[in-house]
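Inspection log for the structure reproduced underneath, given as structure tokens.
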């Protein structure tokens, strides 16, 4: 091949690979488009590569998806923003394919390109593209068009704006539910670009049509529009136009629509203001909390704290708390779980008195729930309650339940309790902790589940940091050392792990006098797993102790292990010896 032919080479390869039967080759070729464009230069990319891609009628969705993604970042390769319009034709073709994810990616890329294009180019190329797609014979083009209006509209001249609003209105009344769905889900973005006068007149009439659609899949997307439009309208207009729609939706015959309302309702409270919230939205929310469909109750229960934050405490206690009590004994475990994940956040909202009287009994019943996820969700948020009612009350009312859960048959519940212990310890103080929870922490080191033993070792380290080395020397170290001769090797390994974590907290003196002898003794263990863990522990301990201790105790022990018959023991002991040598040389 001569030098003159060389620039032709990349496009020839690309064309060959794009026509290859092997999908992986075609995919690789598309993913290398930017490299090929760089090799061709901007002008030839515009003149040859982009037209070729426009004509490329690959039928594999994966290849088309990769192409839609690549073209979205292609502006620099065609010569910058002034030539961005050349990228529109291939993406327009991709907007009409059958596969949804390809269309969505093409729309996303068109939005990205359109947001960078010059205003004159938008008017000349982008707006006509939107009109062509919106008038497309096949529904896929019309679905894609809905996602482009918010880019086209702001730059359009006044006459074109009127036309675009009218086209959008027609799309909202399209025969195909998929088109109406797309129009409903993009309405919020489009409305945000429309002038206020037209927003009240045109967009609200479009919105009202969508809210009365006979397809529940369209209506539930209109619910999302409620929140978006509510933020754009003045409060009085919001009350006049949006509030009645939401109240109707909360009683919609389709549970999916009610589910969407339950998810969005708290956002609407901010849009309509306090008075309409009290008179209209609170009753609607109470209805949703008592809905006969579990999915709706789950969505409503999950938003109970956010909703209460918007109301004043009296309203929450009067209207929402009775529903919360009912939900805490709901027949669906998923409803109880959703409630348990947020109910702790109600304590700061309702204040101390209401929390003690009303919420504590609910917490206790959820802590004793038969479903582990419910108990888990309560445990992980206990600190929110402690801030409100204080540690004395918390310990009297909830601690017995926590101690019970520490021996729960589900290991994930035990794990959540362990992870909460250091926080609880810092709140309870050392005296109370020793009295009630100290024994538990040691008990976990001998749990049947490895994750629990691992967490228990970490827990000891965090407690030693919280209460200080003196306390740890008195309450943790003696019991840990006692367990080092446990007949089961897995428990002996846990003790080694605990020692390696405690050593940095305890400092060199205690490490040398109390911890190191136990590790060295373990190097004589008959189980190879223990011996190579000894090597790992010694590697982690040596930076803490004095150099003389390393030479007198640690190195001889590792040298002995490096001659062990077991290959893993030799590997880890040699690794530790190398680490020691490396540090010695650098110092």
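Heads up, the Cβ atoms here are built off N, Cα and C, so glycines get one too.
According to TrEMBL:
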- 357-519: domain 'Phosphatase 2A Regulatory Subunit A helical' (DOMAIN)
- 10-48: repeat 'HEAT' (REPEAT)
- 164-202: repeat 'HEAT' (REPEAT)
- 203-241: repeat 'HEAT' (REPEAT)
- 242-280: repeat 'HEAT' (REPEAT)
- 281-319: repeat 'HEAT' (REPEAT)
- 320-358: repeat 'HEAT' (REPEAT)
- 359-397: repeat 'HEAT' (REPEAT)
- 398-436: repeat 'HEAT' (REPEAT)
- 437-475: repeat 'HEAT' (REPEAT)
- 476-514: repeat 'HEAT' (REPEAT)
- 515-553: repeat 'HEAT' (REPEAT)
- 554-587: repeat 'HEAT' (REPEAT)
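Break the repeat 'HEAT' (242-280) down by DSSP state and the numbers are 33 helix, 0 strand, 6 coil.
Panel annotation: around the repeat 'HEAT' (476-514), residues 441-442, 445-446, 450, 453-454, 456-458, 460-461, 463-465, 469, 521-522, 525, 527, 529-530, 533-534, 536-537, 540-541, 544-546, 549 of the same chain, lying at least six beyond its termini, place a Cβ under 8 Å from a Cβ of the stretch. For the repeat 'HEAT' (320-358), the residues of the chain that approach it from at least six positions outside its boundaries are 282, 285-286, 289-290, 294, 297-299, 301-309, 311, 313, 365-366, 369-371, 373-378, 381-382, 384-385, 387-389, 393, judged by C-beta separation under 8 angstroms. The predicted model assigns the repeat 'HEAT' (515-553) a mean pLDDT of 83. Residue counts for the repeat 'HEAT' (164-202) under DSSP (helix as H, G, I; strand as E, B; rest coil) come to 31 helix, 0 strand, 8 coil.
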